[in-house]
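Below is one structure; the comments refer to it alone.
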Amino acid sequence: MEYKYSTIVDSSKWDPEGLIEGIPLRKHEAGDLEEVGSFRVQEDWRRLVGPVENPFRGSLGPEISFITYTVPECLPERLEAISYGLDYGFLHDDEIDTKIEEAELDDVGAALAQGGSTGKIQEGTKSSGKRKMAAQLLREMMALDPERAMTLAKSWAQGVQHSARRVEEKDWKSLDEYIPFRCMDLGYMHWHGLVTFGCAITVPEEEEEERRTLLEPAVIACLMTNDLFSYEKEKNDNNPQNAVAVIMKIHKCSEEEARDICKQRIRLECRKYARIVKETLARTDISLDLKRYIEIMQYTVSGNWAWSTQCPRYHADAKFNELQMLRAEHGVAKYPARYSLENRKNGANGVNGVNGINGVNGVNGVNGKRKRSGEETADDARTNGNGIKKPAHVLEYRDSLVLEDIVALSLDWNLPDLSDGVVVQPYKYLTSLPSKGFRDQAIDSLNTWLRVPTKTTKMIKDVIKMLHSASLMLDDIEDNSPLRRGKPSTHVIYGNAQTINSATYQYTEATGLAARLPNPTSLRIYLEEVQQLYIGQSYDLYWTHNALCPSIPEYLKMVDQKTGGLFRMLTRLMVSESPARSSILDQTLYPLSHLIGRFFQIRDDYQNLASAEYARQKGYAEDLDEGKYSFTLIHCINTLEAEASLASEKMALRAFLIKRRVDSSLSNESKREVLDIMKKTKSLEYTLGVLRALQAELEKEVDSLEAKFGEENFSLRMMLELLKV
């Protein structure tokens, strides 16, 4: 990776014991911007929330400040914003530690979830100061990089959700039991969002699990470091959530011995991660952004250690430096940033900048490596130039036309197998596109109650992902849709035939995976629901092809079988694989899955016509191009049929629908005319009213289920909050 904004620093002063040996320490050239962000959030907190120590003992240190050393390759124009976000997190975290009942976790979590869903946080005259601060920060970040700003908001919301569990005291039986909880409590999801935003990184969704696995030693090293240095101020708590305390209790040892054990674990995890970084950078089967992410996160480990050795947050006797004290006393308005963004090219439009490209294999050859014109790389001899391996036998036999060679080939039953590299390419392309991951969230939310083992949960997620992705590939062909998530649809790139082949291959893969689920009943459930998916889709296609408007009941039943089918399938599979399945009635979760399916589809219908963001992702009022009978269009047609005064609008709409059938699309001018007719019938308003009513019913259903299971489901409520219109 090219280093543009940082320089190597000798770490021996901060690490005389060599605990982080093998992981370099770097310093950002624009560290002054971190201080500005930190003092700005302190000033805002005092003004909008309440008193706070001055200077606040957060991310700053007299020699080493946190962001400057942990994100040394942050784009300079984003450094102040992520510094603000980090110390906002520290301020909120301290409030949770001292008075959790006043921390407004629900409000902050809901605000961030809303920001992650819509790109903005609604404010009102009665909004809390914390909500106003979060809204302002999100606005600043959206102006720089909307997609990654929303990703940050979602990640942060997940961290706030976890913080709510601190109300419950934990009695840890082992360090291995403590570590997973502490990994989340560390603010890892918040930090993940800040780093990916700051460095303009987007790890493809299909690499998320691998990202978490590769990163695990780094996260453990950081949590052990934090616990090692924070124990002094936490040791007098009734039940400190700290690795040193856990080790002392488990091993019945002294504090000094526990600290030594903690250090040895840090050394071990650092060595693991240094090896992972080296191995990851040598790989050719993962995206460039995952490589960058794993490399960049090593500086979180080294920077966190160096910062922890001298920061006032962990050391009561540590003093801030002179400039920090001046800014604390007089404000950043009087002592502004000394670093000038204008005097430095920021490189934001580079390979992975704000407008960068993060394709599966990059844009200029295998894994994004650029080749000089006419130059052949070592891999070119083994690939077709697009990262797909040539079959081995092509290299061995070449293209011989000698009769004996042809006969020998014809009689050879042991020719090397053809890999699945070609058939999965369209699928890999689709799954590399940005996704909100609602179905994974639904599975995780249900697991709050169902307690399905992690391995089985992952299998169910993969089954649903394969089916959903395959259905999108086929839907786009059937609907002749040119865009998917703001990018060209799969068939536009790979052609209809190859896309259909890839999609049906994924159906067979999903079936094979469903057959390997522990409970044999799961395969039957899977097959039943796949049949329903096809039946539901058949009616959608039938109505479109024949220009037949269904009734509302027919439409809802189609939705139950098509869109709701995947939600129902994942619900039934999770119940089938739950250890508590014997005590759960078959119908317990059916109303929830049906409501989510109907809400999701009607919401999609509404946004297709009313959302500017949806238009950017899929095209302007795309459902009208496809000739689909959406909920809104059905209401419009029914209203026109019932209102004699709208006879001319009825004729006009019918003419537009016939024109769409003949031309296979409508012009934007025609679409605007159709939308004007819908405004006269108030169909969009009606659809929005139905959505809000369904949202209320969903909330009631969650209340009912929480009562039945005896456990609140914050993650499910968060998911529903993200879906609000």
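Glycine is treated like the rest: Cβ placed from N, Cα and C.
As written in Swiss-Prot, here are the features:
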- Asp93, Arg182, Cys183, Met184, Asp185, Asn226, Ser230, Tyr231, Glu232, Lys233, Glu234, Arg313, Tyr314: substrate binding site (BINDING)
- Asp93, Asp97: Mg(2+) 1 binding site (BINDING)
- Asp93, Asp97: Mg(2+) 2 binding site (BINDING)
- Asp475, Asp479: Mg(2+) 4 binding site (BINDING)
- Arg484, Lys562, Thr563, Gln601, Asn608, Lys618, Lys628: dimethylallyl diphosphate binding site (BINDING)
- 373-382: compositional bias 'Basic and acidic residues' (COMPBIAS)
- 323-725: region 'Geranylfarnesyl diphosphate synthase' (REGION)
- 362-388: region 'Disordered' (REGION)
- 93-97: motif 'DDXXD 1' (MOTIF)
- 226-234: motif 'NSE/DTE' (MOTIF)
- 475-479: motif 'DDXXD 2' (MOTIF)
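Residues 489-491, 496, 499-500, 537, 541, 622, 626, 628 of the same chain, all 6+ positions outside the motif 'DDXXD 2' (475-479), place their C-beta atoms under 8 angstroms from a C-beta of that stretch. When Cβ-Cβ distances below 8 Å are used as the criterion, the motif 'NSE/DTE' (226-234) is approached by residues 182, 186, 240-245, 255, 259, 262-263, 266, 304, 308-309, 313-316 of the same chain, each at least six residues removed from its ends.
A Cα-Cα distance of 12 Å separates Asp475 (Mg(2+) 4 binding site) from Thr563 (dimethylallyl diphosphate binding site). Using a 10 Å radius centred on the Cβ of Tyr314 (substrate binding site) and all shown protein chains, the other Cβ atoms total 20.
Using a 10 angstroms CA-CA radius around Lys628 (dimethylallyl diphosphate binding site), none of the binding-site residues in Asp93, Cys183, Glu232, Glu234, Tyr314 qualify.
Lys628 (dimethylallyl diphosphate binding site) falls outside any helix or strand according to DSSP and counts as coil. In the three-state DSSP reading, Lys562 (dimethylallyl diphosphate binding site) counts as coil.
Cβ neighbours within 10 Å of Asn608 (dimethylallyl diphosphate binding site), excluding its own Cβ and spanning all shown chains: 22. Between the CA atoms of Tyr314 (substrate binding site) and Asn608 (dimethylallyl diphosphate binding site) there is a gap of 51 Å, rounded to the nearest whole number. A separation of roughly 40 Å, to the nearest angstrom, links the Cα atoms of Asp93 (substrate binding site) and Thr563 (dimethylallyl diphosphate binding site).
When secondary structure is read from DSSP and collapsed to three states, Asp93 (substrate binding site) falls in the helix class.
Per-class residue totals from DSSP over the motif 'DDXXD 2' (475-479), listed helix then strand then coil: 4 helix, 0 strand, 1 coil.
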